[in-house]
Amino acid sequence: MKLLEKLIEVRGTSGDEAEIKDFLLNHIHEVKQNWKVQPQIIAGEEFQDAIILVFGKPKTALFAHIDTIGYMSAYGKNLIKIGGPRAVEGYELVGQDSKGEIETELMLIEDENGSTSIQYVLDREIDRGTPLSFKPNFRETEEYIQSPYLDNRLGVWNALQVAETLENGIIVFSTYEEHGGGSVGFLGRYIYDNYQVRQALISDITWVTDGVHHGKGVAISMRDSGIPRRKYLNRILSIASKSGIAHQLEVESAGGSDGTMLQKTDLPFDWCFIGAPEDNVHSPDEKVHKFDIACMVDLYKVLMQEL
Amino acid sequence: MKLLEKLIEVRGTSGDEAEIKDFLLNHIHEVKQNWKVQPQIIAGEEFQDAIILVFGKPKTALFAHIDTIGYMSAYGKNLIKIGGPRAVEGYELVGQDSKGEIETELMLIEDENGSTSIQYVLDREIDRGTPLSFKPNFRETEEYIQSPYLDNRLGVWNALQVAETLENGIIVFSTYEEHGGGSVGFLGRYIYDNYQVRQALISDITWVTDGVHHGKGVAISMRDSGIPRRKYLNRILSIASKSGIAHQLEVESAGGSDGTMLQKTDLPFDWCFIGAPEDNVHSPDEKVHKFDIACMVDLYKVLMQEL
Amino acid sequence: MKLLEKLIEVRGTSGDEAEIKDFLLNHIHEVKQNWKVQPQIIAGEEFQDAIILVFGKPKTALFAHIDTIGYMSAYGKNLIKIGGPRAVEGYELVGQDSKGEIETELMLIEDENGSTSIQYVLDREIDRGTPLSFKPNFRETEEYIQSPYLDNRLGVWNALQVAETLENGIIVFSTYEEHGGGSVGFLGRYIYDNYQVRQALISDITWVTDGVHHGKGVAISMRDSGIPRRKYLNRILSIASKSGIAHQLEVESAGGSDGTMLQKTDLPFDWCFIGAPEDNVHSPDEKVHKFDIACMVDLYKVLMQEL
């Protein structure tokens, strides 16, 4: 979990993923000699801040988004959301502008019309357009991990666990997921055109709800705002059942992921969201059960082999 | 109309179109020897559950979506919508899960906050994520057809009528239309890349409104939420006028179709929605005038030849 | 400014850009012998009503949309919006249908439920589906230009100024921007596939707000509903700073452009919206400061060279 903690410390709101991309590239170069198969590493300006790893003869691609939600400084001391972060008075935010490191707190201001604006508390103005992130605050107990940005540093961490033993498959570190898509289109096209891969698994974190609970295993999403194709879903459910790995079935009406973005491309991708569930979504206190994390890694290893 | 009734009996909510695809492929193989021109039949996993028929040297593609609206079982006895079905107490729903055939009824539950949830009435729980459809209930009078899923089994049936005499053209049976697109992108790209076809007609069912009435002919949509390109629309209106086939002009601010999806692709497709109007949209009681159906088939035959 | 006034007189609501396209093609053919470099002119049915100009060896593409907002006649005397025009009683609208030229006025009708419909005042009915535009009304003072459709005839005019001295670069005249995208996808794909260009500047008009004022220079948008990639934005900000050209930084939560459309394609485009700010957005009284227009042209000339 040391790696997960480190991943969480690296900033990278949607559109500003250069730092986390560099961290990942460095990390991959350091550890890949211990991996079972050496992947081809595809990155560079033509891929913006995304990374593609190709192992052996791939049939399935795992997508893990490397961007996070956050805030951006606007006019005066106003903040504008990047993606959909929760806004609670006192949340600690960090960032950097031309005057140096920033550590500030979120404040809610209600105006006479009853509408609320989000501001920061600081004795100076932050440069316009500066991205701010939740301050890292990693907590670990016997049973749980709690921290900002388990969504989706945990999905990224899962991808790196899978990479250790992966023989055939693609791992995609995508960008812009929290703020309405952006890189999944050209990444999907690249792997479809070059490797004819059109099976995707979305390594991301979902919600604890009435039907999905802590400690009951990884969640397989049968739908959110998007609906994965039934034939593909049934193959996944069948492999999951035979595997004996604990899993839960999710059926939601809302929410989206790199999967729903893939579905909107001009590509015949099948996709399914599979991830551990978390409490306190999009807050600094996201909380995931360790058993569900272990199940997530186990199920991904099986699926990347058998699908 | 026997074929239309059979088409309506085959289930296929968005994302679960395997059964209706198989039905269509079988039907096409059975009847195509009676068609004027033998089409190339393009289908398979790379096209998910969609089908493309290519006749002669095509200039125009007819799109008919084969999926339907419906419901999906969620937690407890809750139902979640697939697409935008009407929800009225007592609507009969059918489906199938691991325990067998399901026949149930829709129930609306208002909670203490005044918000309504949709549930099913059954003495057992349905497997999570099971798709449910309106129970078939085909009614025919001298003047009208009434049934669930005239949208879009009637658009599919129209395509099959057109196929009988089509010499040059493409017929696309698309998927996922009711739930936010999905296959039109890669289908459009396939026919654009392989046949340079970029003219589309959307064979679908529209609404009876203040300006579009039963029995006045097929509706040509001048716009819905999307706006077809004027130059293309003018060519269609000119051909329709000369044909003498009864038609009505529709101008709506809302609604979408495979046409609006085509417009969002990276493809220079022109498109126009042309279809008979129906009453009781997205309910088990959709109702279309037979004269409008006849006009729809006639106009499509002319347009597929002359555009 | 004579050219700008002429551009504003040519009608072209979203989907109906044939006339403004023809005007632009004629104008370009007339004046291009005075341009420093002769561009390749790419147009034709395969590009719908859009135009691409390719100068030398391009690295960056300027996008200027040629469509405008407006209204469309529906049933009775009702009007439906094309894009998001303001609706104020008395606004003058012009258009043409089978019975000839139309000059009418907008009227707001409140029904018993308190909902408002938009109608036109005329002693005859306008053909269904006829596009109507704000009546041209060009006003110029020492400091300001005021007129309908500065958004985006001014962005188009800017592109034509840049064309005069452009040595390497692409200018794209796009369509459908005001009504939800349409051509940017295939235009982007064309220039990416054929010229490997993936840097875009969006030549469009933005809003005067709390943070962006008349006469303070051209606005560089750090975000609207979409977020441009930070690395690309930083390069632009650095070039703008060194240039000494007056500019303002915009940070908004809403609004979109051809840039947000580019981001939704399957293409790795970087994009940034740069444009003079206007008051009275989407009304017949759009107002822009002349100094901001001059800065816009100057900054585009520098950026198209240095990016």
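Note that Cβ sites are derived from N, Cα and C of the backbone, with glycine treated the same way.
Keep in mind that TrEMBL annotations are predicted by a computer and have not been checked by a curator.
Per TrEMBL, the features are:
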| type | residues | note |
| --- | --- | --- |
| BINDING | C:His65, C:Asp151, C:Asp204 | Zn(2+) 1 binding site |
| BINDING | C:Asp151, C:Glu178, C:His282 | Zn(2+) 2 binding site |
| ACT_SITE | C:Glu177 | active site, proton acceptor |
Helix, strand or coil by DSSP: which one applies to C:His282 (Zn(2+) 2 binding site)? coil
Which state, by DSSP, holds C:His65 (Zn(2+) 1 binding site): helix, strand or coil? strand
Looking only at C:Glu177, C:Glu178, C:Asp204, which of these recorded positions has the biggest number of Cβ atoms within 10 Å around its Cβ? C:Glu177
C:Glu178 (Zn(2+) 2 binding site) in three-state DSSP notation: helix
Residues near the Zn(2+) 1 site, C:His65, C:Asp151, C:Asp204 excluded, by Cβ within 8 Å of the Cβ center? C:Ala64, C:Asn152, C:Gly155, C:Glu177, C:Glu178, C:Ile202, C:Ser203, C:Ile205, C:Ser257, C:Asp258, C:Gly275
When a 10 Å sphere is centred on the Cβ of C:His282 (Zn(2+) 2 binding site), how many other Cβ atoms does it contain? 20
